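Asks: Pasting a structure here, questions to come.
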Protein chains: 4
Amino acid sequence: MSLVVSKTSSGREYKVRDLSQADFGRLEIELAEVEMPGLMSCRSEFGPSQPFKGARITGSLHMTIQTAVLIETLTALGAEVRWCSCNIFSTQDHAAAAIARDSASVFAWKGETLEEYWWCTEKALDWGPGGGPDLIVDDGGDATLLIHEGVKAEEEFEKSGKLPDPSSTDNAEFRIVLGLIKEGLLVDPKRYRKMKERLVGVSEETTTGVKRLYQMQVNGTLLFPAINVNDSVTKSKFDNLYGCRHSLPDGLMRATDVMIAGKVAVVCGYGDVGKGCAAALKQAGARVVVTEIDPICALQALMEGIPVLTLEDVVSEADIFVTTTGNKDIIMVHHMRKMKNNAIVCNIGHFDNEIDMHGLETYPGVKRITIKPQTDRWVFPETNSGIIVLAEGRLMNLGCATGHPSFVMSCSFTNQVIAQLELWKERASGKYEKKVYVLPKHLDEKVAALHLGKLGAKLTKLTPAQAAYISIPVDGPYKPPNYRY
Amino acid sequence: MSLVVSKTSSGREYKVRDLSQADFGRLEIELAEVEMPGLMSCRSEFGPSQPFKGARITGSLHMTIQTAVLIETLTALGAEVRWCSCNIFSTQDHAAAAIARDSASVFAWKGETLEEYWWCTEKALDWGPGGGPDLIVDDGGDATLLIHEGVKAEEEFEKSGKLPDPSSTDNAEFRIVLGLIKEGLLVDPKRYRKMKERLVGVSEETTTGVKRLYQMQVNGTLLFPAINVNDSVTKSKFDNLYGCRHSLPDGLMRATDVMIAGKVAVVCGYGDVGKGCAAALKQAGARVVVTEIDPICALQALMEGIPVLTLEDVVSEADIFVTTTGNKDIIMVHHMRKMKNNAIVCNIGHFDNEIDMHGLETYPGVKRITIKPQTDRWVFPETNSGIIVLAEGRLMNLGCATGHPSFVMSCSFTNQVIAQLELWKERASGKYEKKVYVLPKHLDEKVAALHLGKLGAKLTKLTPAQAAYISIPVDGPYKPPNYRY
Amino acid sequence: MSLVVSKTSSGREYKVRDLSQADFGRLEIELAEVEMPGLMSCRSEFGPSQPFKGARITGSLHMTIQTAVLIETLTALGAEVRWCSCNIFSTQDHAAAAIARDSASVFAWKGETLEEYWWCTEKALDWGPGGGPDLIVDDGGDATLLIHEGVKAEEEFEKSGKLPDPSSTDNAEFRIVLGLIKEGLLVDPKRYRKMKERLVGVSEETTTGVKRLYQMQVNGTLLFPAINVNDSVTKSKFDNLYGCRHSLPDGLMRATDVMIAGKVAVVCGYGDVGKGCAAALKQAGARVVVTEIDPICALQALMEGIPVLTLEDVVSEADIFVTTTGNKDIIMVHHMRKMKNNAIVCNIGHFDNEIDMHGLETYPGVKRITIKPQTDRWVFPETNSGIIVLAEGRLMNLGCATGHPSFVMSCSFTNQVIAQLELWKERASGKYEKKVYVLPKHLDEKVAALHLGKLGAKLTKLTPAQAAYISIPVDGPYKPPNYRY
Amino acid sequence: MSLVVSKTSSGREYKVRDLSQADFGRLEIELAEVEMPGLMSCRSEFGPSQPFKGARITGSLHMTIQTAVLIETLTALGAEVRWCSCNIFSTQDHAAAAIARDSASVFAWKGETLEEYWWCTEKALDWGPGGGPDLIVDDGGDATLLIHEGVKAEEEFEKSGKLPDPSSTDNAEFRIVLGLIKEGLLVDPKRYRKMKERLVGVSEETTTGVKRLYQMQVNGTLLFPAINVNDSVTKSKFDNLYGCRHSLPDGLMRATDVMIAGKVAVVCGYGDVGKGCAAALKQAGARVVVTEIDPICALQALMEGIPVLTLEDVVSEADIFVTTTGNKDIIMVHHMRKMKNNAIVCNIGHFDNEIDMHGLETYPGVKRITIKPQTDRWVFPETNSGIIVLAEGRLMNLGCATGHPSFVMSCSFTNQVIAQLELWKERASGKYEKKVYVLPKHLDEKVAALHLGKLGAKLTKLTPAQAAYISIPVDGPYKPPNYRY
C-alpha cells in the first residue's frame with residue numbers, strides 16, 4: 001500500500017476523503033451532541049479532572065457523526081486519540097473530516113478496499129516508536145485481532161524464523177492481515193509485543209467481538225483485560241434492538257425506496273438485532289417470517305405473531321431478506337437463485353459472511369449492475385431475474401444509511417467511556433486480569449439515568465421501607481445480575 | 001427569466017439539472033416498474049390499441065422515479081407528453097434526466113426558485129403555436145390555476161385594457177404568477193383562451209387541488225371537466241395514508257438522522273395524511289399528540305390511544321412537529337419561539353403555507369444555518385436556541401427524501417391513467433361537463449385488483465346466491481358509493 | 001306459545017329471566033352512565049323539554065346494560081317504551097330486570113328459543129288496541145320485517161283469503177314468523193296495517209338491517225321513513241370497528257380461555273367489523289389471515305401486513321375462524337370437517353347464517369358436547385376430532401361476552417336518540433318520505449364532540465381566515481359528505 | 001376453624017365448593033390438554049417409567065384448569081398429590097371439583113377467608129402421621145413459609161417454652177399464621193420439623209416467592225433445596241409477559257366491561273409483568289403511562305413510546321391503575337382520594353399489599369358498594385365520588401378472570417415438572433444443597449422446543465461448521481447463561 005498520510009497544521013496525522021467537508025461534519029456533530037446526553041454529561045462530570053491525561057486511545061469503530069461525539073468526549077477528558085473505522089462502508093466522510101481537522105488522528109473513508117481498511121487499522125494502532133496505544137475501543141475486534149495475530153507471528157518468527165504465509169489461507173481478508181503482519185515483522189520484529197506490553201486493556205462494542213474475546217479467554221490466549229460493553233443492558237438491549245429498529249428501514253429506504261408495506265420479509269435470527277429488525281418491518285406493514293435455531297427465541301417470535309420457518313420454506317416467496325445472526329453462511333447463492341425477481345438481500349450483522357457474496361460473485365454468468373454505490377442488482381443468466389444486494393453484504397444500515405441514531409448510540413458510547421475510564425483508573429491496581437469483564441449493574445443503571453431527562457421522564461423513588469421489603473438499596477442497583485429486562 | 005431550453009437530438013425540448021444522470025435514472029425506473037403492477041398492466045392492456053394517439057398531455061406533478069413510470073405509461077399508450085414538477089424541491093434529477101433523454105419534454109430540477117418553478121409550469125403548457133395540451137395531469141392544481149388566471153386576465157384585458165398587476169398582491173408566489181401572465185399577455189392576448197378551447201379536461205391528484213376545483217365548480221368558474229383522482233379510494237386511502245406512513249419517517253431520517261423513539265411528536269391534522277404520519281411515528285416509538293378541528297377525526301385519534309390537544313398545550317415539550325392539514329397558518333413563528341432547542345418542524349401537506357416561513361424569515365435577528373440542502377437550523381436571538389426546519393416548509397417527504405414508494409404510487413397513477421383515458425375517450429361525447437367527477441367504483445376496484453397479484457393475495461369469489469343475498473353483482477362493484485373503507 | 005306476561009306493581013308488562021337481578025342491573029347501569037357521555041348529555045339538553053311526550057317507542061335491540069341507558073334516555077325525554085332483544089343470546093338478564101322494574105316494558109332473556117324470540121318481538125310491538133308504536137328503534141330489522149311481512153300477508157288475505165303458509169319455506173326461522181303472522185291474522189286481520197298507519201318511522205342500527213331497508217326502498221316496498229344510523233360515521237367507524245376490536249377477544253376469552261398469541265386466526269371479511277377483529281387478533285399476537293371478495297378491502301389488509309387468502313387455503317392450518325361478512329354460507333360444514341382439532345369457529349356478523357350451523361347439526365354422526373352455555377364442541381365421527389362453535393353461530397361477542405363497551409355504544413346510541421328525535425319532530429312536516437336517510441354531517445360531528453371531554457381532548461378552533469381558506473364554516477361541518485375518515 | 005373435610009368413595013380427602021361441577025371441570029381440562037403440549041409431552045416421555053412412584057407432592061398454586069393439567073401430569077408420572085390454592089380468589093371451582101373427584105386431594109375454593117386459606121394450606125401439607133410431603137410446588141412461597149415459621153416456632157418452644165404470640169404482629173394475615181402454628185404446636189411439637197426432615201425440596205413458581213427464597217439463602221435460614229422456576233426464560237419471559245398481556249384485559253373486561261380504548265392507564269412497574277400489561281393496554285387503544293424506580297426499565301418504556309412519570313403526576317387524570325411491582329405501598333389511600341370518579345384500581349402482582357386496602361377500608365366514612373363479587377365501588381364521603389377496586393387488591397387476572405391461558409402456563413408448568421423430577425431424582429445424591437438453583441439452559445430450551453410444534457414452527461438446524469464458528473454445540477444450549485432474550 002502506498003497511501004499517503006496527511007498532516008494538519010498542528011502536525012496531526014490523518015487520511016480522510018475530503019477535509020473540506022469538516023464544516024458540514026461539525027454542524028452535524030453539534031446537532032448530535034444535543035441528542036447524546038450521556039456523553040455530554042461525561043464531559044461535564046469528568047472533564048474538569050482530565051482523567052485521561054496522558055492516555056493514548058486507539059479506536060476501531062464506525063467513523064460516524066455519533067462516533068465523533070464519542071471521540072471528542074475522550075479528548076475532552078484528556079486523551080490523545082487515533083481512530084479508524086471497523087467497516088469499509090461505514091465511515092461518514094464529513095464526520096471523519098471534522099474530527100481529523102479538529103480533534104484526533106483519523107484514518108477512514110467510505111468505500112475502502114480491504115487492503116486500505118487494514119492499512120487504516122494499522123495506522124490507528126501506530127503511535128510511533130514509543131509503542132502502541134494505552135487503551136483500545138474496539139468494535140468487532142479487528143484491532144484486538146491484529147495485535148493478537150501480530151504477537152503470535154512475532155513469537156513464531158522468533159522461535160522458528162518462520163514468517164506468516166498469506167497464501168496459507170483461503171480467506172481473502174485474513175490473507176491481507178497476514179501480509180500486513182509479515183511486512184511489519186521485517187521492519188520491527190517486536191512491534192506487536194511492544195504494543196501488548198503497553199496496552200492496559202480493550203473495551204469491546206459488539207456481540208461478534210465479544211464472542212471472539214470469550215473464545216480467547218477460554219483458550220487462555222487473551223493478552224490483556226477486556227471489558228465487554230456489548231452486554232451492558234444499556235447497550236445490547238438498546239443499541240442492538242432499538243438502533244436496528246430505526247436503521248434497518250432507513251437503510252432499506254435509502255438504498256431501494258421500496259415500499260415495505262405488503263411485502264414478505266424474512267429476518268434470519270431473532271436475537272436483539274433480529275427483534276429490532278422484525279419489529280420495524282412488521283410495523284411498516286410487512287408480513288415478517290423469522291428463521292431461528294434457538295427454540296426460545298423462536299417461541300418469542302411466535303408470541304409476537306411472527307411465524308418461524310426455515311429459509312427454504314419461504315425463499316421463493318419473500319421480497320426482503322435480512323441476516324442478523326452473527327453466524328456465517330446464512331443465505332447462500334443456491335438460495336439467491338430461487339428468489340423472486342428484485343428480491344432484496346441484506347445483512348445487518350457485524351461481519352459480511354452471513355451472505356454468500358463469494359458464491360454470488362463467482363456464479364457462472366452472473367451479471368452485476370450497480371444501481372448506485374452500495375446497491376447492486378445481480379442477474380442470474382438462467383432466469384434473467386435479478387436480486388438486489390445491499391452494501392455488498394456488509395452492515396446495510398451503515399453502508400446504505402448512517403447507522404444508528406445519536407440518542408441510542410449515546411447509551412452505548414457512555415458505556416464505552418465508563419469502561420475506558422475504569423480500565424485506565426485501575427491500570428496499576430491489578431483489579432483487571434487478562435479476562436473479559438462486564439460493567440457493574442450500578443454503572444449500567446447510571447447510563448440509563450443520564451438519558452431520561454432528555455425524554456422528560458420522572459423516576460419514582462423507593463422509600464426505605466419499600467427498599468427493605470425487596471432487599472435492595474434505595475438507590476439501586478435495582479435488579480439481580482441475571483435479570484433479563 | 002432567461003433560462004435556456006435544451007433539445008435532444010430528436011428535437012425534444014427539456015431543461016433538467018444534468019442529463020448525464022439519465023442512465024442512473026433509467027436503472028431506478030426499471031426497478032420501479034417491477035413495483036408498479038397497475039401501470040405495467042395498463043401498458044399491456046391498452047398499449048396495443050394506442051388510445052392516446054394524437055393526444056398531448058401536460059403534467060404538473062412531482063418529477064420522481066414513480067412519475068417517470070407514469071409518463072412512460074402515457075407515452076406507451078400513444079401520448080405526447082410535456083412535464084414539470086409541482087414543487088420546487090420534489091424533482092429527482094436522475095428521473096428527470098432519463099425522461100428528458102428518452103420519453104418526454106421535462107422542465108424540472110430539484111431546488112428551483114419560485115420564478116423558475118412557474119417558468120417550468122408555463123413551458124410544460126406551451127405546446128407551441130397550435131395551442132396547449134389536450135389533457136392535464138395536475139397535482140395541487142397549479143397548471144389549472146395558471147390557465148384559469150390567464151383566461152381571467154385576458155378577458156379583463158380585452159374588456160378594460162387592464163393588465164394584471166403583480167404589485168396588487170402580498171403573496172410573493174402569486175405575484176410571480178401575475179407577472180408571468182402579464183408578460184404572456186403582451187405577446188399573445190389569446191394564449192390561455194386558446195389553451196382552454198383545446199383542453200379536454202384535467203385529472204387532479206391531490207386533496208388541495210381537488211378543493212380548488214370544487215370551489216371553482218361552486219363558483220361556476222371551472223373552465224373544463226375535471227376528474228378528481230384524489231377521492232378514488234385507491235388513491236386517498238392508500239397514497240395519502242400508507243404513502244405518508246412510509247415517507248414521513250424516511251424524510252425525517254434522511255434530513256436529521258434523529259432517533260424517533262422516545263420523542264414527543266405533534267401531528268397537526270388527523271385526516272388520511274395525518275393518520276399515516278401518526279401511525280409511523282407511534283410505531284417508531286414516539287409519543288404522538290394530534291391537533292384537530294374536527295371532532296370525528298379527533299375521536300378516531302383517541303380510539304388509537306393518541307391524545308388530542310392544541311398546539312399551545314404541547315409546543316414547548318414536543319420534539320417533532322408535522323403539519324398535515326391542507327390549511328394555512330398552522331405553526332406560526334410565535335409557536336416556533338417557544339419550542340425546545342433543535343425541535344424539528346416540517347410539513348407534509350401540499351402547500352408551504354402551513355408553517356409560517358415568512359414570519360420565521362423576517363423574525364428580527366433570526367439566524368439561518370444550513371446544515372445541508374433542505375435542512376436548516378434557525379436560531380432565535382433571545383434564547384440562542386434553534387429549531388430545525390425541513391425543506392423550507394414544503395413537502396418534506398419529497399424535499400428531504402424521495403416521496404412515496406413505487407407500489408402505492410402505482411395505485412394513484414393507475415387512477416390517473418384511467419382518468420385520462422376516460423376524458424380522452426369521451427372528449428366528443430359530452431359525457432363530461434365543466435364539473436368535477438370521481439371515477440366509478442368498478443374502476444376503483446379494478447385498480448386495487450391490479451395490485452393484489454404482486455403481493456400474493458387471493459380473492460374469494462362470491463357465489464351467485466351470495467351476491468343475490470346482498471344484492472350486488474358477482475363481480476362487483478362490491479360496495480355502495482358512500483362506503484368509507 | 002303459552003308464555004305468561006308479568007306486570008309490575010304499576011301495571012307495566014314484562015317478561016324477563018329474574019326480576020330479582022334488578023338491583024345488580026341498576027348498579028351496572030349507573031357505572032355505564034358515567035361511560036356514556038353522549039346519552040347523558042341528551043338527557044340534560046333535551047330532558048327539560050320532554051320532546052318525546054306522547055311518543056310510543058318500540059325497540060328491538062340487544063337488551064344489554066348499554067341499551068338500558070339508551071332506553072332510560074328515551075324515557076327521560078318523555079317516551080313510553082317497549083323493548084325486546086334482537087338476538088336470542090344477547091340479553092343481559094340483570095339489565096332486562098332493572099329496566100322492567102324501573103322504566104319500560106321488556107320482553108327479553110338470555111337464551112330464548114326462536115319461538116320465544118318472535119313472541120318477544122311481537123309483544124314489544126303490541127301496544128294494545130290503539131295500534132302499534134309511533135317509532136321503532138331497530139337493529140337488524142326484525143321488527144321492521146315483522147310489520148312488512150304482516151302487512152303483506154294481511155293484504156294477500158284480504159285479496160285472496162289465503163293465509164300465510166309456514167310450510168312453504170325451508171327457513172326454520174321464517175316458518176316461525178309466518179306462523180306468528182297467521183295466528184295474528186285470525187285474531188285481527190288489520191293489526192299490522194294499523195301499526196303501519198301509526199308508525200312515524202324507524203331508525204336502524206346495523207349494516208344488515210340497513211341493507212334490507214335499501215332493498216325495500218329500491219323495490220318500492222318500504223312502508224315508512226327510515227333513518228340509517230349505521231352509516232353515521234360515529235356509528236359505523238366506531239361501534240363496528242372499535243367495538244369489535246374490544247369485544248371479539250372478550251368473547252373468545254370468556255368462552256374458551258384460549259391463548260390468542262401464537263395462533264393462526266382467519267377473519268372472513270375486512271369491512272369495519274373485520275378490521276376491528278383483525279386488529280384485535282393481531283395485537284394479541286395471532287397470525288391473522290383475511291378472506292375478502294373486495295379487492296380494495298383486500299389491499300387494505302395487505303398494507304397492514306395481513307395476508308389475503310381463501311378459506312380453502314388455510315382451513316386446515318388455522319386455529320380460530322371469525323366471520324364478519326354480513327353475507328351467508330361463509331364457513332360450511334365441509335370446511336369445518338377439515339379443521340384442526342379444537343379449532344374455534346365463531347361469527348360476529350349480525351345473522352347466524354354465516355356459519356353453516358344447519359349443515360353441522362345434521363352431519364351424520366356428529367356429536368355435540370356442551371362445555372358451557374354458548375360454547376359447544378362438535379365432534380366428527382370419522383376423525384374423532386372436534387371443533388368449538390361459539391354462541392351457536394350467532395353474534396359471539398353478545399352471546400359469549402357482554403357486547404361492545406359503553407363508551408362506544410354511547411356514540412351509536414346518541415345517533416339513535418338524535419334520529420328518533422328528528423323523526424318525531426318532523427312527524428307531520430312531510431320532510432321524510434318512505435325512504436332511507438342518513439343524519440346530516442353536523443349532527444354526526446356533534447355526536448363525536450359530546451364524547452371528547454370524557455377523554456380529556458381539546459379541539460383546535462379554526463380562525464375565520466382558515467375557515468375561508470378551505471371554504472367551510474368555522475363550526476363545521478368540516479368535511480364533504482363523501483369523506484371517508 | 002371447624003371446616004369439614006370430605007372424602008371420595010376411594011377415601012381421598014378434599015374440600016371444594018361443589019363436587020357436582022366436576023364434569024364441567026373435566027370438559028375444560030380436556031380442552032386445556034390440547035393447549036398444553038409441554039405437559040402432555042411429559043406424560044408420554046416420562047409416564048411409562050413412573051418416576052414419581054412413591055413421591056408425595058404438595059402444591060400451593062392457583063387451583064385453575066391449567067393447574068389441574070399440571071396435577072394430573074404429576075399423578076400420571078406416579079406421584080400422590082395434595083393441593084391448595086395460593087390466593088383466596090384464584091380457584092376455579094369446577095377445576096377443583098374435577099381434580100378432587102378424579103385425581104388428588106384438593107382444599108380450595110373461590111372466595112376463601114384468610115383463615116380458610118391457611119387452613120387449606122395446612123391441609124395440603126398434612127399427609128398424616130408419617131410426616132409431610134416429599135416435594136413442594138410453591139407459588140409465592142406460602143407453603144414454604146408455613147414450614148419455616150413452624151420450625152422456628154417449634155425450636156423456640158423447645159428452647160424456651162414460648163408459644164408463638166399472634167398478638168405480637170400488626171399484620172392480620174401473619175396473625176393467622178402464628179395462630180395456626182400455635183394450635184399445631186400444642187398437638188404435635190415436632191410436626192414441622194418432621195416435615196422438614198422428609199422434604200426433598202421445593203420448586204417455586206413466581207418472582208415474589210423467589211425473592212423470599214434468596215433472602216433465606218442469604219440469611220442462611222433456608223431449610224431445604226429450592227429450584228427457582230420463575231427465572232427459567234420459558235417462565236418469566238413468557239408467563240409473566242405474555243400471560244399478563246392476555247389476562248390483564250381479560251380481567252378488566254370481565255370485571256367492568258369498560259372500554260379500554262381512549263382511556264389513560266397507569267402501569268406501576270415495567271418489569272416482565274408490567275411490560276405485558278402496558279403492551280396489552282396500549283394495543284387496546286389506551287394512553288399508557290408507566291411509573292418506575294429503575295432507570296433501565298424506564299428507558300425501555302420510553303423507547304416503546306410510553307411516558308414515565310410518577311403516580312402523583314397522573315393520579316387525578318388516569319382512568320385505570322394497575323400495580324405490577326412486587327413491592328408494597330404503591331397506591332395509597334391518599335392517591336385513591338384524588339382519582340377521577342370510577343377510576344379502576346387493580347393489582348396483578350403476587351401479593352395484595354401493592355394497593356393500600358387497609359387504608360381504604362378504614363378511611364372514615366368510606367362506603368363500599370359491591371357491584372358483583374370481586375368488583376367493588378368505594379365511595380369517599382367528601383366528594384361522593386367513587387373508585388372501582390378489583391379483587392380486593394389481589395391478583396385481578398385470577399380474581400376477576402381465569403388467569404393466564406393454558407398455552408403459556410404449559411411452558412411454566414413444564415418447567416415445574418422438570419424441576420420436580422430433578423429434585424426427586426437427585427434426592428439422595430447430594431447434588432442440591434440448601435440453596436436456590438435455576439434449571440440448566442438446555443432444559444429451558446427443551447421446554448420451548450416442546451411448544452413449537454403446536455404453533456406450526458420449524459427450526460433451522462446449525463451445520464457443524466456454523467456451530468464451530470460460534471463455539472456452541474449443534475444441539476445447543478445456544479446461548480450463554482447471562483443472555484437476556
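Cβ from N, Cα, C; glycine included.
From TrEMBL, for reference:
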BINDING   D:T64, D:D139, D:E205, D:K235, D:D239  substrate binding site
BINDING   D:206-208, D:271-276, D:E292, D:348-350, D:N397, D:H404  NAD(+) binding site
DOMAIN    D:240-403  domain 'S-adenosyl-L-homocysteine hydrolase NAD binding'
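For the listed features, I'd like the structural context: burial, neighbours, distances.
Replies: According to DSSP, D:E205 (substrate binding site) sits in a coil region rather than a helix or strand. The Cβ of D:E205 (substrate binding site) has D:L61, D:V137, D:D138, D:D139, D:G140, D:V229, D:N230, D:K235, D:S412, D:Q416 as same-chain neighbours under 8 Å, each 6 or more residues away in sequence.
Around D:G276 (NAD(+) binding site), the same-chain residues at least 6 positions away in sequence with a Cβ under 8 Å from its Cβ are D:N240, D:L241, D:Y242, D:G243, D:C244, D:R245, D:H246, D:L248.
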Asks: So, in DSSP terms, is D:D272 (NAD(+) binding site) helix, strand, or coil?
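Replies: In the DSSP reduction, D:D272 (NAD(+) binding site) maps to helix.
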Asks: Identify, in sequence order, the residues in the chain of D:H404 (NAD(+) binding site) that are 6 or more apart from it along the sequence and have a CB within less than 8 Å of its CB; answer 'none' if there are none.
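Replies: When sequence neighbours closer than 6 are ignored, D:H404 (NAD(+) binding site) has D:Q66, D:D239, D:G243, D:C244, D:H246, D:S247, D:N397, D:S412 within Cβ distance under 8 Å.
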Asks: Report the same-chain neighbours of D:T206 (NAD(+) binding site): residues 6+ apart in sequence with Cβ closer than 8 Å to its Cβ, ordered by sequence.
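Replies: Within the chain, D:T206 (NAD(+) binding site) has Cβ neighbours under 8 Å at D:D139, D:G140, D:N230, D:H350.
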Asks: State the Cα to Cα distance, in Å, between D:T64 (substrate binding site) and D:D272 (NAD(+) binding site), rounded to an integer.
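Replies: With the alpha carbons as reference points, the distance is 22 Å.
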Asks: Cβ neighbours within 10 Å, counted over all protein chains: which one of the binding-site residues D:T64, D:D139, D:D239, D:D272, D:I348 has the most?
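Replies: Top count of Cβ atoms within 10 Å goes to D:I348.
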Asks: Across the domain 'S-adenosyl-L-homocysteine hydrolase NAD binding' (D:240-403), what does the mean pLDDT come to, as a whole number?
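Replies: Mean pLDDT, the domain 'S-adenosyl-L-homocysteine hydrolase NAD binding' (D:240-403): 97.
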Asks: Identify, among the binding-site residues D:K235, D:H350, the residue whose Cβ has the fewest other Cβ atoms within 10 Å in this structure.
Replies: D:H350
Asks: Largest pairwise Cα distance, Å, within the listed substrate binders D:T64, D:D139, D:E205, D:K235, D:D239?
Replies: 17
Asks: Within 10 Å of each Cβ, count the other Cβ atoms and name the one among the binding-site residues D:T208, D:G274 with the highest count.
Replies: D:G274
